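Student: As listed in TrEMBL for this protein:
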{"type": "TRANSMEM", "residues": "B:20-49", "note": "transmembrane segment"}
{"type": "DOMAIN", "residues": "B:20-440", "note": "domain 'DUF112'"}
{"type": "TRANSMEM", "residues": "B:61-82", "note": "transmembrane segment"}
{"type": "TRANSMEM", "residues": "B:109-132", "note": "transmembrane segment"}
{"type": "TRANSMEM", "residues": "B:144-162", "note": "transmembrane segment"}
{"type": "TRANSMEM", "residues": "B:169-186", "note": "transmembrane segment"}
{"type": "TRANSMEM", "residues": "B:206-224", "note": "transmembrane segment"}
{"type": "TRANSMEM", "residues": "B:317-338", "note": "transmembrane segment"}
{"type": "TRANSMEM", "residues": "B:358-381", "note": "transmembrane segment"}
{"type": "TRANSMEM", "residues": "B:393-425", "note": "transmembrane segment"}
{"type": "TRANSMEM", "residues": "B:431-450", "note": "transmembrane segment"}
{"type": "TRANSMEM", "residues": "B:471-489", "note": "transmembrane segment"}
Amino acid sequence: MSTVTTSPGAPTTPRRDKAQLGLAALLAVVGAYTFYDATTLRVGFGDPVGPRLFPYVIGAGTFLLAVLLVVATLRGDVPEAEAGEDIDLSQPADWRTVLTLVGVLAFTVLTVSFLGWAVSGAILFAGSAWALGSRTVVRDVLVGAVLSVTSWYFFHEVLGVALSPGILDGVL
Amino acid sequence: MESLSLLLDGFASVLTPMNLLYAAIGVLLGTFVGVLPGIGPAMAVALLLPVTYGLDPVAAFIMFAGIYYGGMYGGSTTAILLNTPGESASVMTALEGNLMARRGRAAQALATAAVGSFIAGTIGTMLVVFFAPALASVAVEIGAPSYFALMVLAMVMVTSVLGHSWLRGFIALFLGLTIGLVGLDLNTGQQRLSFDQPLLADRIDIVVVAVGIFALGEALWVAAHLRRAPLHVVPVGRPWMSGGDVRRSWGPWLRGTAYGFPFGAIPAGGAEIPTFLSYLTEKKLAARKGQDEFGKGAIEGVAGPEAANNASAAGTFVPLLALGLPVTATSAVMLAALQGYGIEPGPSLMTDQPELVWALLASLLIGNALLLVLNLPLAPLWAKLLRIPRPQLYAGILFFAALGAYAANMQAFDLFLLLLLGLLGLLMRRFGLPVLPLILGVILGPLMEFRLREAMAISGGEVSGLWSEPLAIVVYVIVALAVVAPLVLRAVRPAPAAVAAELEHEHEHEHSADKEEVER
């Protein structure tokens, strides 16, 4: 089994990380679907391995790892969450900020073709900064606009790559 | 000496004023992004890859070489000034480096890191110049079965030997392998795991995977745990080294290089082990000389591991160029970049496109030299970047991540994939899953399947064809040893990571003791 038991200095009260069972469930679904998807493939000629072997092995392996993770979780295996420069693990996770950020990104995905990179990129920057706690909205919008318009021109003029102009087509 | 004259030809094709300008821009951009907290070299390279699109291969190389070295140096700057290594390779640098910084010797720590990186990078790249062609000429003889075995070795080493927990390593690896399956099957042209989505048939762009997992995943994870209290940044003067500093540094620089290169060059490398060995060696040697400053900010403890780190990074070019095998996250992104420039790394590369290889190696040497020239005077400026307010910093990272993913193919769908992969990256950080095995799985999975099918087609479907070559058997024996040896070693003595954590702990204790004294 896994050798990690607990990280030094981490809060030691919850001995089991139940959320890991969710991860295991996700792995089980991914593994099972990969396996099922492989059964729908036709086997080619003159190819002793065929297109199915790899997905079979990978799907089965992922499923097996899901089972092992359940066992490890129930035996008290706790993950070592990644530390970093701006990360304060002593605070509980702030999922609201994460959800807002995901919302801002989803908005960019949906609008980039229509609004164009110059507009969508600026909204992405200002929206993310706001989600992360910045309240200097005007400055953020300005910085975002400068960044997105500059990058549009940089890609267009220097690199010869035309990012989507969107509603500003003809203006830029 | 044939290699040398070919390298000189490489210099001739690279050294134009325009290319030097590209190299300088590359170094500045690379350092700029690498210094930003939370961004390691692999992420810096992945984020800046789109900037080199649209340039011709040689100009792209030289800019890319600058970005690469800049990103690496930026990583050690953050480690020294903030005591928060962005990746495992700079853990050892952070130990003594930050102590030096707190004693007011930040400039000297940065200088010895820069010069050490330069020396190690130059010696390392020269060794690549001599080793890679030799290895490539041997590698031409290597058949599909041995290739398959080598890839198994790389995966096993990275997944189980270098990580903390083999279960989590394998979970990450298999997630990567699953992502690698998406798209058209090579032989039969059928779609796998594509949900009848034509945009997925083309396989997922590795740049989107790398940026999603590294940059977006990191930004989302930081958003969940943003440190509200400001970090303490040590002010930096102009870096210079006294004669004494140089005298104490050159030994560690060379010894670190000697440790680093071999570990990078074998397809099981990484910089963790050589930086750790270098740190221990310098500590022992200093104690023997009776001038042991370790634990108080010893310059040897920065010079050695930093050189080892860079030499190991140079060493990874040997398997990358000669075998097409990436063994670190950075070299995995590099492989994707080279493929983007129309280069297919592998044994035939040296014979098919020698001029590009020599241009690349010459670019690396130039990028390395420019780094030293530009970054020694600019160090105080880079240190200021650490003060960018966090909301704007991470908003900027998200902006550039989206730009990179979007510019690759101009598809909003790629941004959607980026978001999904970013959420996966967030999950991985929450559950302590290592990132490197996933990236390797994405890149090596399809290569492995290709080699397996080739090997089996040659042997006519006989499984024994997989160990029909002596090299394959040797590699499988190494794989077996690599799995068994750590179990034995761990029983005898603690793993490097554990020792590092312990050292860190000791330091913290000493610090709190110091502070108490001061307060009294």
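Cβ atoms here come from the backbone N, Cα and C positions, even for glycine.
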Student: Using Cβ distances below 8 Å and needing 3 or more such pairs, separated by at least 6 in sequence, tell me whether the transmembrane segment (B:144-162) contacts the transmembrane segment (B:169-186).
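Tutor: Yes, the stretches contact each other.
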Student: Top stretch among B:20-49, B:109-132, B:169-186, B:393-425 for CB pairs under 8 A with the transmembrane segment (B:206-224)?
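Tutor: Going through each listed stretch, the top one turns out to be B:393-425.
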Student: Residues of the same chain, at least six outside the transmembrane segment (B:169-186), with any C-beta under 8 angstroms of its C-beta?
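Tutor: Non-local partners: 155, 158-160, 163, 192-194, 200-204, 209, 424, 428, 433-446, 449-450, 453.
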Student: In the predicted model, what is the mean pLDDT computed over the domain 'DUF112' (B:20-440)?
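Tutor: Overall, the domain 'DUF112' (B:20-440) comes to a mean pLDDT of 84.
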